[in-house]
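One structure below.
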């Protein structure tokens, strides 16, 4: 059973999202992955403090939950930056220059994979095949995939993301 310290490490919103995920999927076989996806979709990451709550809700061990989170590259354990930049590391992209692109990106942003810039603008992540091999190397930002990416194109992309107008919708 989760203790008070573990519960208090989550915000009220995080607890509500985790509870909603558990309640939505706990009766289904293999509920853990849908629960984790639901949490990450709503929060942007799976808070480490949520592991005991998830484990308890799905009748799993903390180790089971943590093992799945750490096994899958898509799950984050910390909030991402405003823009998540994913660089493809699949064979096609590697053969067309993604390793040089990775080196350029880490230098340009001043971070490595699974890190976020100090200004919280960017998180850099590896991804394994975006299904756009004809235009290797590829980068994904949000739902947008950019092909034939090189250092100059990467810099242009980062600059455009920094200067884009953000639309704020009224409630």
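Cβ atoms are placed via backbone N, Cα and C, with glycine included.
The Cβ of residue 88 ([2Fe-2S] cluster binding site) has 98, 127, 128, 129, 130, 132, 136, 137, 138, 139, 140 as same-chain neighbours under 8 Å, each 6 or more residues away in sequence. DSSP classifies residue 88 ([2Fe-2S] cluster binding site) as strand under the three-state reduction. Annotation comment: TrEMBL describes 88, 93, 129, 133 as [2Fe-2S] cluster binding site.
Within 10 Å of the C-beta of residue 133 ([2Fe-2S] cluster binding site) there are 17 other C-beta atoms, taking all protein chains into account. Note on the binding-site residues 93, 129: the fewest other CB atoms within 10 A surround the CB of 129.
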